[in-house]
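Novice: Before we start, here is the structure in question, set down as structure tokens.
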Amino acid sequence: MQGDPMPDQILQFTHPPVPRQPPVKPSSPLTWPDDALNRPFLKERLDEFQRWLADAFDAGETAEILVDARTLYIDQLLRQLWHYHGLAHAPHTALVAVGGYGRGELHPLSDIDVLVLSQAPLTPPQQQHISELLTLLWDLKLEVGHSVRSIAECLEEGRADLTVATNLIESRLICGDLALFLTLQKQVFSDDFWPSRAFFPAKLAEQQERHSRYHGTSYNLEPDIKSSPGGLRDIHTLLWVAHRHFGATSMDEMVGFGFITRAERDELNECQSFLWRTRFALHLVLNRYDNRLLFDRQQNVAQLLRYQGEGNLPVERMMKDFFRVTRRVSELNQMLLQLFDEAILALAPDEKPQPLDDEFQLRGNLIDLRDETLFSRQPEAILLLFWQMVRNRHIEGIYSATLRQLRYARRHLKAPLCTSPEARTLFMRILHQPGAVKHALLPMHRHSVLWAYMPQWSNIVGQMQFDLFHAYTVDEHTIRVLLKLESFADESQRPYHPLCVELFPRLSQRHLLLVAALFHDIAKGRGGDHSQLGARDVLEFAALHDLPAEDAQLVAWLVESHLVMSVTAQRRDIQEPDVLVQFAGEMQSESRLHYLLCLTVADICATNETLWNSWKQSLLRELFFATEKQLRRGIHVSPDVRERVRHNRRQSLVLLRMEGIDEQRLQEIWSRCRADYFLRHTPNQLAWHARHMVLHDHDEPLVLISPQATRGGTEIFIHNQDRPYLFAAVTGELDRRNLSVHDAQIFTNRDGMAMDTFVVLEPDGSPLSPDRHPVIRQALLQILLPGDYRHPRVRRPSSKLRHFNVDTSVVFLPSPTERRSYLELTALDQPGLLARVSEVFVDLGISLHGARISTIGERVEDLFILADGDRRALSRAMQAEVRRRLTEALNPNDKV
């Protein structure tokens, strides 16, 4: 059971800078003569100072020192310019720093927010001087925000706007009338201007609203250093509330008031220092103010922060540290705001704690220790806390004093909690309870108890993957998988996941599915096959927790096979009998199939919110029901393909006879179709095609677009004289229209007519918008007109794709038939890819019979069904040539 035994270690991978001689600091603005204060001189001095900030940071200076230096530099610049523009002697006027500038937090690109405070309305000359000053600052490319107000106006605006009130609370005098500024301060901190009982709940609501914009987690892989949960704003919120209630202006003063311990202060300081350093580095690589760690910035920031490793490892290590820091800030923020709540909005005296048992009591809806030494004396009692939470659903959280004791006990653990037999018993009892994830595992994760319980968990805490596919860190993704599984017990989810809601309550060992979910990605980031490594880990867990051998085999199989169903449904040809037989053989039983379907759906939904759509749902349903039939028929009994062809024709004919179809004309058309056409379409699809082909001029191109969603997407059917590059032309046009092709069935009749079917989706994964049908149909008819093939115009690639590299891989899968070859292509997603691939096939005389298209973030993983000119599988020599040509076409820098 390998892992980091220190759940309270924050930073793991940071490397100290190589010490070197710091650069010489530029001169103070206060030393500049008045006759030099022109725009070119000032621009040169500011550029010089920005270069010094970057050089000093590179030399190892701390962000704290440099942020203070920029704040002081801007203070001195504004004082000098205030004097230069004749404002120093303006009566009863002051220049005040507000917002982040008021706090003294000026990073390289931070806004400079100032208040011009005046007792009386400004005179026209004063207005002119201030306008000239601001214009100069803007010309110098400084991001200056300003307001001009009297004390009365400040108070009026502040009472109406919480943000203005907060800015006033942390205001700081730069220059001007001190007495006027102190009068403002006295008013701002009076009891009738945002008293603590109003200010605290307002700031709490503001934080909750901000968190909701980030889906309540800091684990989005492109986080905002300032505003994401656990970011700098959460630290600011603590400081604002402490400042307003206690007058504390620093963490040291908060210790003095007894509201945080020295250890908590040190932890907050360490977290803030890391966030400041990361934000400082981000500002150095940008030209415009922004606090988002977007993918295209992460590599440069990691390099500035001196993270080491090959490939994407520096980014992954930096982000792992980042997510561990934000996790710690979130926990401290929750605990300390609750302490403020108790101090500011104290419980009424008659609201006494209500005993739960000998160890715990309720304070309102929060669980609290009756003996604060319990966790230190008996660490396994930490699990007892979460056992109570899952049994008493009305408990909404942990009381601050108990959370403080939990943090202390967690920090002083001598061994993982799972080494305690009592803790193991409690953990398994928790997993058996309804609501175990929401009421126990989720808070256990939030408070690092999962880490303290099972060492393997530490490896994935904050573990990201540098791609566009995974939206969350591995630990956050795993928790979301668990939550999604638990949601399948909720009848309200039936419209979204009807099959899973039907199956999940019938699973006899639902707790084993939770164990499998906990371990399905536990080995990510270790190297090697994470499914196999995770299966070994879960077997160790099963042995330690005395699971029966049959249960251990099930969870190990689920972990090792957790990707099999998704891959088979999306990237294999399940119409081929051998593919279905092989998949059914891997399932072995309907019970295992049911478990795996629930895990697969939860895994897809929890990977990326945009990933699950009706198309994927239809693929999994199709595979699920086909496999159920196969298991009932006998694992190794191949489906009767000829009977399926006859069945589809018969059922389609029944539908068409009800409409009075011209059967003679229909049989003429069907007689030219090959068996595969009837095998790979449903009776409804066959009838839809036929009713239009019977009435259509055989020599004219036919384009049909399904009015309703088909298999979760929009089906486009094309009947036209076959010709080279037809597939390339169609897919190129669809791509240019920003439609994604997810499936293609390509047939050429005995008379040389193409009958091609495409399933397409809009960029958001929805079926084609009905108002686009006429435009798309007309565009396709246009490209079907006779004429030479022209390379389709392609869309501009996404800017995000420029920052990713995917090695082109061409693999020929084992073929169940001598008539087809199955090519699996992995490459960087790019506009016009399908057209480019198709052109290679045409140039080599290869016919394309089908395609299954899967886009996973920045990479495509596509399956192509091919045959040579003699309608047979490709020779080894031809496979090698295809591999070479595709690699050249998709990535000229790759070598075979």
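Glycine too: its Cβ is placed from the backbone N, Cα and C atoms.
Heads up, here are the entries from Swiss-Prot:
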- 16-26: compositional bias 'Pro residues' (COMPBIAS)
- 474-596: domain 'HD' (DOMAIN)
- 715-796: domain 'ACT 1' (DOMAIN)
- 822-896: domain 'ACT 2' (DOMAIN)
- 1-355: region 'Uridylyltransferase' (REGION)
- 1-31: region 'Disordered' (REGION)
- 356-714: region 'Uridylyl-removing' (REGION)
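A description of the local structural setting of each listed feature is requested, covering burial, neighbours and distances.
Specialist: According to DSSP, the secondary structure content of the domain 'ACT 2' (822-896) in residues is 26 helix, 24 strand, 25 coil.
Along the region 'Uridylyltransferase' (1-355), the predicted structure has mean pLDDT 91.
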Novice: Pull the DSSP breakdown for the domain 'HD' (474-596) and write it out as helix, strand, coil residue counts.
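Specialist: Looking at the domain 'HD' (474-596) with DSSP, the answer is 89 helix, 0 strand, 34 coil.
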Novice: Looking only at the domain 'ACT 1' (715-796), what are its DSSP counts of helix, strand and coil residues?
Specialist: 25 helix, 25 strand, 32 coil
